[in-house]
Amino acid sequence: MDTARRGVPHGTRLAALALGALLLGSPAQADPDNYTQIERGRYLATVGDCIACHNGNQGSPLAGGRGIETPFGTIMSANITPDDETGIGRWTADDFYRAMHEGKRPYGTRLYPAFPYTYYTRVTREDSDAIFAFLRSLEPVRNPVDRSTLPFPLDIRLAMLGWNMLFFTPQTFEPDPGRSAEFNRGAYLVEGLGHCGACHTPMNMLGASRDSVALQGNQIQSWFAPNITGDPRTGIGGWSVEEIVEYLRTGRNARSTASGPMAEVVGYSTSLMTEADLRAIAVYLRERGSAGPAAPAPLAADDSRMRAGEAVYVDNCMACHTRAGVGVDRMFPRLAGSQVVQQEDPTTLLRVVLTGVRGASTAEAPTAPAMPAFGWRLSDEQVAAVVTYIRNTWGNAAPAVAADAAQSLRDTVRDQPAD
Ligand code: HEC
Ligand code: HEC
Ligand code: HEC
């Protein structure tokens, strides 16, 4: 299932970033009259993280052919270079806006929401035109992509008609006049081009984002994208604007590190955004409101699972994360008071312990510290115990984790390379 994964194996992350830089290099067929628009489009394509999904390693980071994992199967991303036959060379700016705004291809066929048009729908016509101008300026790359990889009956694009009727109406972004320009800019980025909710918002059984619980956390590709509302315990309510900006720009701050899919978001997208846009995102996340589960009572320290977990922790984890769980600033993340550790859903923790993890590498912080894998030396019971322990020590509180959760994640990630 290697091709079905979006996560870039970390060895290739730097190469991928170099490709990204290439994309950010000089345009091939830039029309000088449109130069500013193309430059804006290039930046907006970075904000929209197009490369993360359209990079199929076919000589161009936007030639498509990358498998995007969805709850229904793998969907291949399209070639969006201006090749006439296999890309969007024959598209007009109207066609492109219709794809972004309504999720429709020319002649009315429907796109799958694995292409996050349910968010891009809020992108303004002006920004859409700039992105289109940038895409037009790229070297056309011939790369035919097999776009029909879903099993019956989901392979019928017509089925998307029903999905759209249930879950999607095209939107335009309406700034809230009662809020600052910075807040509104952040809202435009988070709810639109940045499509943060595509990972952070819980989905219903048909894969549609549930707006009523926006940004409260969601399982994605065997990771858990945590609550990023202002909730003080499980969200980013305790983070300052500066801390959020630092995390998005460098992939780490004194509280947390970005791994897995978020390391990719940081590498391809947020680390390349302007300081003003990162601040706007931070202000919006902090001020838009908070929601999260009530804190459960922590397990007692003499609970047998806690005792077993403590023993595993002392032997295996303490050397880096310290006995008091405070870690080492920007090297080994703090576990005490950590949001990631206290999410209801323990997927990220199980995964990190089983497979190990390496954080984002960015221009500013190029060497990502790594955590070794423990899956080979700890049993499912020991993994569950140590995760239960870190979730209920040092003032943390979150539900205990059972051994079969560790076992089933072990089965899922078995043939995936360590992230
Ligand atoms: C989360 C993954 C993801 C991201 C991010 C993403 N795309 Fe896509 N995109 C896809 C997938 C998957 C398809 C194919 C959908 C289908 O076949 O119905 C697609 C299809 C498209 C199409 C339709 C092309 C065609 O021939 O049908 C366009 C245009 C497009 N994307 C543009 C963009 C742009 C521009 C960005 C960045 C602003 C972007 N995409 C970001 C996954 C993504
Ligand atoms: C492709 C999926 C994906 C997208 C898109 C995404 N995130 Fe994330 N995000 C994650 C995952 C997974 C984590 C958890 C990473 C970890 O635990 O190391 C995360 C973690 C975070 C955190 C740290 C939370 C904490 O408590 O440590 C912040 C802040 C964040 N994301 C903000 C954003 C913003 C803002 C956007 C949109 C610009 C965004 N994310 C888009 C998947 C995503
Ligand atoms: C050799 C040092 C080392 C050891 C030993 C170690 N870790 Fe880690 N751990 C790290 C590093 C480095 C990271 C951050 C990786 C990254 O950048 O995403 C990390 C990340 C984590 C995270 C994710 C935190 C976040 O904010 O995303 C958790 C949870 C965690 N470790 C738990 C454990 C547990 C439990 C053990 C013992 C079974 C352990 N670690 C052993 C170095 C270590």
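Glycine is treated like the rest: Cβ placed from N, Cα and C.
A quick note: this is a predicted structure, and the numbers were derived from the prediction, not measured.
Lifted from TrEMBL, the feature list:
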- 1-30: signal peptide (SIGNAL)
- 36-139: domain 'Cytochrome c' (DOMAIN)
- 181-289: domain 'Cytochrome c' (DOMAIN)
- Cys196, Cys199, His200: heme c 2 binding site (BINDING)
- 304-394: domain 'Cytochrome c' (DOMAIN)
- Cys317, Cys320, His321: heme c 3 binding site (BINDING)
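For the binding-site residues given as Cys199, Cys317, the lowest number of other CB atoms within 10 Å of the residue's CB is seen at Cys317.
Across the range of the domain 'Cytochrome c' (181-289), the DSSP-based residue counts are 55 helix, 10 strand, 44 coil. Reduced to three states, the DSSP call for Cys317 (heme c 3 binding site) is coil. Around the Cβ of Cys196 (heme c 2 binding site), a 10 Å sphere holds 22 further Cβ atoms from the protein chains shown. Of all the binding-site residues listed (His200, His321), His321 has the fewest other CB atoms within 10 A of its CB. Broken down with DSSP, the domain 'Cytochrome c' (36-139) shows 46 helix, 10 strand, 48 coil. Close to ligand 3, meaning a Cβ under 6 Å from one of its atoms, are these of the binding-site residues Cys199, His200, Cys317, Cys320: Cys317, Cys320.
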